[in-house]
């Protein structure tokens with residue numbers, strides 16, 4: 001991609017039209033002009049009286065390298081000869097009030113390691129990618145009808161070196177990728193990697209949207225990490241925050257002394273809880289900054305998806321006492337998604353949205369917001385509230401486990417067991433479970449069994465796979481020493497077997513976005529807190545029966561209605577002794593009894609384990625078998641408008 005000479009820029013392209021390559025104009029670009037090598041600096045500061053580039057190369061002297069204003073709307077530019085990659089710099093901006101403030105470059109692709117805040121000249125071009133096979137394979141698949149298991153992680157606290165220092169992007173190739181492959185996750189979702197000054201913001205309060213944080217290395221190092229992920233069949237999703245940004249003095253806030261990237265109106269500018277300000281999504285220059293940024297990460301870093309943070313905060317104005325939709329944000333999100341899918345129709349655009357806004361995952365040409373996935377926050381909240389309840393009282397909130405199926409197909413959902421639920425005093429997933437030590441592990445195994453068999457793609461935050469006991473401590477790494485304890489090893493073994501079963505079982509994902517992929521057997525047994533249901537794939541024989549018991553009672557010869565296959569095998573039981581359970585399993589092949597039950601043509605009698613999930617697979621169908629209504633069993637149609645773009 002060539003750098004566009006600023007003098008040739010048509011004003012309308014950046015200021016009034018959709019212009020999604022603004023990173024080619026703005027920022028610091030190593031170029032040759034008039035046969036002289038140097039760096040061209042270009043910045044947008046509409047209310048600046050004067051601008052300079054300052055750095056070590058001119059001893060931070062505001063007078064030496066004054067920039068030229070090349071458009072009336074406030075584009076400033078300067079070519080400085082004979083400076084090279086690696087130079088640190090900032091913009092010195094004289095405000096309308098006569099003050100001189102120092103700002104990092106909004107379009108810088110590299111920055112100093114915190115606590116330093118200067119931008120760094122870096123030639124981002126030149127990385128040689130080796131992921132053609134990944135791209136080709138990705139285009140052959142439909143993400144809607146494939147297994148998807150996402151491992152959410154914080155790059156700085158997944159694992160640290162013995163001396164407490166961080167692993168680099170390149171070092172994480174050897175540490176993280178084999179672990180993800182071993183656990184058969186299809187994707188990793190990394191909490192924000194844009195440059196940010198404060199570690200404990202986790203990257204959600206950024207100052208450098210185009211700069212991969214230098215905490216872990218250079219932009220090319222991150223490209224290498226993504227390249228290696230693709231080599232091993234792992235997709236990379238980034239957490240991305242287009243709604244708000246931090247107020248640090250060197251960042252975007254009051255960039256030229258006046259609200260530039262943020263709203264002017266204080267009522268809608270501020271996020272008091274987060275201490276951030278909202279992007280002015282009604283301003284064309286801001287839209288071009290953000291949408292160009294999304295495409296920049298796609299084009300330069302080969303990212304496979306974004307989890308768009310805080311969509312609810314974007315959709316609604318945060319005026320006190322009001323709930324009014326922000327039409328700027330609505331039209332921005334539609335424009336963003338159209339641009340992203342025009343670039344890559346196989347991209348993952350996931351909305352982190354807790355509202356009931358309709359048609360979030362419906363294409364824009366059908367009136368939707370245009371995402372293709374949405375976190376199912378309602379499912380997460382209901383299920384965790386249910387699990388935290390004492391087992392003997394769960395029968396009184398039975399509907400929390402069934403309500404999600406009333407809307408499960410209204411959007412394309414991802415089920416998130418995310419970082420938000422295991423921090424700030426909320427406890428880890430394991431420690432949310434009531435009861436004694438054994439009970440906690442049994443119920444976490446049960447939760448995971450329900451999680452992997454419920455419709456929707458899957459996301460789990462790091463540490464959950466082996467039963468992290470403490471909640472997430474963002475300044476420390478995970479408690480890897482827990483593998484020294486038997487119950488955590490059992491949990492880890494169970495999780496790996498469960499995810500492997502999920503990936504090889506088409507009924508658990510093939511019709512995730514079609515109501516024909518799910519059928520309740522018994523949703524109403526609140527007295528015993530037992531749920532049973534069927535997951536169905538495209539083919540008749542691609543069916544699984546799932547039975548979940550959310551109390552500690554054991555039931556012998558429990559009747560479960562099933563489709564009329566001759567036999568069933570129990571292919572997973574969370575109470576198996578090899579997973580730390582009590583061993584109440586169904587070892588023998590289960591012969592169906594041809595008597596209707598639960599509105600099914602037949603039933604089986606099984607042992608239901610305490611706090612257990614049992615997954616049954618049909619073995620053999622009867623010739624000419626009929627359903628209860630007398631019609632022959634047939635393959636269900638999977639025609640649906642959901643799960644498509």
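Using N, Cα and C of the backbone, Cβ positions are placed for all residues, glycine too.
These features come from Swiss-Prot:
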ACT_SITE  309  active site, nucleophile
ACT_SITE  352  active site, proton donor
REGION    619-645  region 'Disordered'
COMPBIAS  636-645  compositional bias 'Polar residues'
Integer Å distance between the CA atoms belonging to the residue listed as 'active site, nucleophile' and the residue listed as 'active site, proton donor': 5
Set of same-chain residues at least 6 away whose C-beta sits under 8 angstroms from the residue listed as 'active site, nucleophile': 192, 204, 239, 240, 241, 242, 243, 352
For residue 352 (active site, proton donor), the three-state class that DSSP assigns: coil
